[in-house]
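What TrEMBL annotates here:
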DOMAIN    12-338  domain 'Enoyl reductase (ER)'
BINDING   CYS38, HIS63, GLU64  Zn(2+) 1 binding site
ACT_SITE  THR40  active site, charge relay system
ACT_SITE  HIS43  active site, charge relay system
BINDING   CYS93, CYS96, CYS99, CYS107  Zn(2+) 2 binding site
BINDING   ILE175, ASP195, ARG200, LEU262, GLY263, ILE264, ILE286, TYR287  NAD(+) binding site
Amino acid sequence: MKVLAKLKAEPGIWMSEADVPECGYNDLLIKIKKTAICGTDVHIYKWDEWSQNTIPLGMTVGHEYVGEVAAMGDGVRGFKVGDRVSGEGHITCGHCRNCRAGRRHLCRNTTGVGVNRPGAFAEYLVIPAENAFKLPDNISDDMAAIFDPFGNAVHTALSFDLVGEDVLITGAGPIGIMAAAVARHAGARHVVITDINDYRLELATKMGATRAVNTMSTKLEDVMKELGMTEGFDVGLEMSGVPVAFNQMLKTMNHGGKVALLGIPPGDMAIDWNQVIFKGLVIKGIYGREMFETWYKMAALLQSGLDLSPMITHNFHVDDFQEGFDTMLSGKSGKVILNWD
Ligand code: NAD
Ligand code: ZN
């Protein structure tokens, strides 16, 4: 079968051939229809330090997808051939304390589809059936293909009560923009998002942000004044991984504010701890999606009218994958879909 894999220890992704993966007793074999390119795939493409230490050469990458069940192991219940599914890319161990308590997103032995085991940029993917999510019919293939990053946005945004609150999101990447849309849909008052990329800030405005602020040219404090915010943000969602953005967030939070951290900083990150201590801030780290509460909420948000369709800015056939990666690398995109049909 056709796959996109990391074949060489240098920047790039290559199309090659691999055997159709074997479907075990508790597994689903999924025929992939559409995939989306994640920021992680871009890191792997660029062959940065994290990728060099993590990705074995030859690895089929990708973990954002929608497909159809093509076959299943004898132990599988609750699915049938032809079911339309996406899937949770974090494969958990099932025997650690958190797994056994039903807190699978906190499993200490998580492995990643398209990172530590063969991924979804392939004609066929195998995952444990318990990681698959059956999709309601009224959710489009394009939307289903981005459930993984949408889930990061939902998990982060819904970590704290947003109703009537003023929310700051730092980083208008695809996940930050989707979080803005979710916060608005969930009943936040002001949703202010920052970035240094005007293309993305414009997309964020389309997706419901009250104000999209380029912090290179505009002071966040001035925007807060314009909005009549006299005290500070109630909820902060850090989605850039950029230390200066996080420090700016800490400075503009109200006392008692709540902060969820999704963005991954490049290394050690110094912050002004006095902001945390004297303001009594609550800070929560976020990894992945809750299994499977986040997945049910994603489906429900779309079914209750959340429109994420402007997020998908580009569609390519998988044979044109290079164009897809170039588009992601340009920074002038929302989500980029690769078609496998
Ligand atoms: P992305 O790289 O597309 O978005 C990050 C955005 O931050 C970019 O648009 C960039 O221009 C912006 N940015 C740069 N400097 C800034 C500044 N000074 N102020 C504000 N914004 C600035 O990434 P994404 O795919 O949207 O993911 C968001 C973050 O979440 C990334 O750091 C990613 O690594 C991380 N992530 C974490 C998890 C997890 O489970 N914790 C999962 C997925 C992604
Ligand atoms: Zn576990």
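Along the chain as shown, the residues are counted starting at 1.
Yeah, the Cβs are placed from backbone N, Cα and C, and that goes for glycine too.
Taking the features listed in TrEMBL, we show where each one sits on the structure.
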residue	record	Cβ contacts under 8 Å, 6 or more apart
CYS38	Zn(2+) 1 binding site	GLY62, HIS63, GLU64, ASP148, PRO149
THR40	active site, charge relay system	HIS63, GLY114, VAL115
HIS43	active site, charge relay system	TRP50, SER51
CYS93	Zn(2+) 2 binding site	CYS99, CYS107, ARG108, ASN109, THR110
ILE175	NAD(+) binding site	GLY39, PRO149, ASN152, ALA153, THR156, MET239, LEU262
ASP195	NAD(+) binding site	GLY171, ALA172, GLY173, GLY176, LEU201, ALA204, ALA212, VAL213, ASN214, THR215, SER240
ILE264	NAD(+) binding site	GLY241
ILE286	NAD(+) binding site	ASN152, HIS155, THR156, SER159, ALA260, LEU261, LEU262
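Counting every protein chain shown, the number of other Cβ atoms lying within 10 Å of the Cβ of CYS107 (Zn(2+) 2 binding site) is 22. The recorded positions near ligand 2, defined by a Cβ under 6 Å from one of its atoms, are CYS93, CYS96, CYS107, chosen from THR40, CYS93, CYS96, CYS107, ILE175. Ligand 1 lies within reach of LEU262, ILE264 from the binding-site residues CYS96, LEU262, ILE264, judged by a C-beta closer than 6 angstroms to any of its atoms. Each of the binding-site residues CYS96, CYS99, LEU262 was scored by how many other Cβ atoms lie within 10 Å of its Cβ, and the smallest score goes to CYS96. Within 8 A of the CB centroid of the Zn(2+) 2 site residues CYS93, CYS96, CYS99, CYS107, the other residues of that chain are THR92, GLY94, HIS95, ARG97, ASN98, ARG100, ARG104, ARG108, ASN109, THR110. It is 40 Å from the Cα atom of ARG200 (NAD(+) binding site) to that of CYS96 (Zn(2+) 2 binding site). Listed in sequence order, the residues THR35, ALA36, ILE37, THR40, ASP41, GLY62, TYR65, GLY89, GLY114, GLY119, ALA120, ASP148, PRO149 complete the 8 Å Cβ shell around the Zn(2+) 1 site centroid, once CYS38, HIS63, GLU64 themselves are left out.
Annotation note: ILE264 (NAD(+) binding site) sits in a coil segment as assigned by DSSP. Looking at HIS63, GLU64, ARG200, GLY263, TYR287, the binding-site residues in this record, the fewest other C-beta atoms within 10 angstroms of the C-beta turn up around TYR287.
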